[in-house]
Amino acid sequence: MSLFFKPVISPQWSFPVLLKIGVRSYAGGPRTKHKGNSPLASVPTGSSNKNRKQKAKGKKGNKKNDPDQAFNFGEYGGLKKDVEMNMDSTNKLIQKISNFDQLLILPPVRDAVKEIISKESLKLQDSRKKTSENIIPSPIQTVAIKRISKNLMDPKLQIHAIAAETGSGKTMAYLIPLIDYLKRQELETPELWETLRKNVLIRSIILVPTHELVDQVYETVSKTKTLLGLNSFKWDKATSYRDLLENIKNRIDILVTTPGKLLNLFSIRMITRPDKVLSKVGFVVLDEADTLLDRSWLEETHSAIKRIPNINHLIFCSATIPQEFNKTMQRLFPTVVPIMTPRLHKLPFALDFKVINSALSPFKGSKIKALAQTLYAISNDDTEPGFEKRCIIFVNEKKNVPEIVNLLNKKFGHNAIGLTGEDTFEERSEKIMPFLSPPRPLSEVVAQSTSPPTSLKKFEIPDSNIVIGKLKNTNSNGTAPSNKSLHVLVTTDLMARGLNFKGVRNVVLYDVPKTSIDLIHRVGRTARMKQGGRVFMLTDSKTKSWAKALPKIIKKHQRLS
């Protein structure tokens, strides 16, 4: 029985059913044992097999017209059948709330939130019209704030799981209740605040799986210093113990770090009572929780949580709910309350998904030629006028990254860099920065092309839904002499989790993802927050049958299963 599928309190309650999707296999990683019986053990299991068969028979005729029917085409990636989601109450709430003024947030926090979102929006190409006056909450922000704020200052432990599609504003969905919680402590309990204000302590913690995510989340959190007077601090690989100690002495309101770093707090000799430093932490968030609770992370993450004795709010946040994550939540945190949006596990509305079969002419089985021609078409079309173009290429195996980068640069004249887990933290930070930053205007980009602009001759690839451009004065291999105006990053799933590639409009899936989880996260690096974006999936004779249905499911708004 799964926590996200059955009611926790009574049969009359019905939490939204959460679909099960395939999960990746991880080597090793101990499982944490959970003592005691889950309160779910006595929950009724629902209809009998006979009733289920009758219901299935009755619905069979309407299968094609069901908008919530999950995509289950082919067997590649171990896709599993979905179940319907009951989202009536969530939909009504989303339709009812049209601005932040309708949400239970302190006025200073509300103003600060609008300012932060407005500044973030101004960094994007098509969001220049947004100001703090017309900023509205996204669906997941509406639902999360409404439900968490209902009992925000209740001292008992409250556990929530926020789950929504990629690029939907999940960071602010948990950050707004967190900030509101801290400011209400100051305003509503002045005596308590007086004991905390000048003490050596940490008040809240945000845990993420990578140091890149530490930097990204901290960039947003740090804006609360000038707007609300909150002291935030990031603890990553570049942070010295001395810097950490100095900030703890001055009170850290929001600490952003990884579970491993947090556990290191107990091995720093200069801190004699690390347990006391964490004793006032009341709000803890696990961002990218499906990663932090998978088999390779579970022991470390669970150990970090257990070191925080007085948690008031524990928030799990994720864009996908894999089966293994669902089981882990049920075992370790059986009272968790799910908060989800109707578009969970659906690909973005604004996504343009194209499938290219490299087995056909003119590529004749060469995926690298199909990739080079796709990049060339991107660099020469009329999209993103006035801005530098960027593209992220995802591969399944890190060993293939150097070879692809070398071929793109030396044989096909592209401007590509590779990034894998073997790079140092400093190298990764330097390589990824141009993609995490807003797109640069072309006036700021140094011209690197070795050939002048040339007119395009278009042709359509057979058995494909993509039109490729071709230069009249190409090299013998059919590519342009140089395509330096397009900045290309070749990487693995290391960079597919949580990172906000600001304004990146193009993603290429060089390999078909192994699971629907990987597909959602890779595709989610573009078309974020209702921006436009394109995904080009390269297939071959083995994977074309599974991939060809993906463009249709986006148009039909179907859910991946």
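Here the Cβ of each residue, glycine as well, is placed from N, Cα and C on the backbone.
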(message) Which range is it, out of 239-242, 287-290, 387-390, 439-442, that shows up in Swiss-Prot as motif 'DEAD box'?
(response) 287-290
(message) With Cβ-Cβ distance below 8 Å and at least 6 positions apart along the chain, what are the contacts of ALA164 (ATP binding site)? List them in sequence order.
(response) PRO139, ILE140, LYS170, ALA173, ALA319, MET340, THR341, ARG343, LEU344
(request) Starting from the Cβ of GLY169 (ATP binding site), draw a 10 Å sphere and report how many other Cβ atoms land inside it. (result) 20
(message) Within a 10 Å radius of its Cβ, which of these binding-site residues (THR166, SER168, THR171) has the fewest neighbouring Cβ atoms?
(response) THR171
(message) Can you give me the average pLDDT across the domain 'Helicase C-terminal' (370-561), rounded to a whole number?
(response) 81
(request) Taking the Cβ of GLY167 (ATP binding site) as the centre, count every other Cβ atom within 10 Å, in any protein chain shown. (result) 23
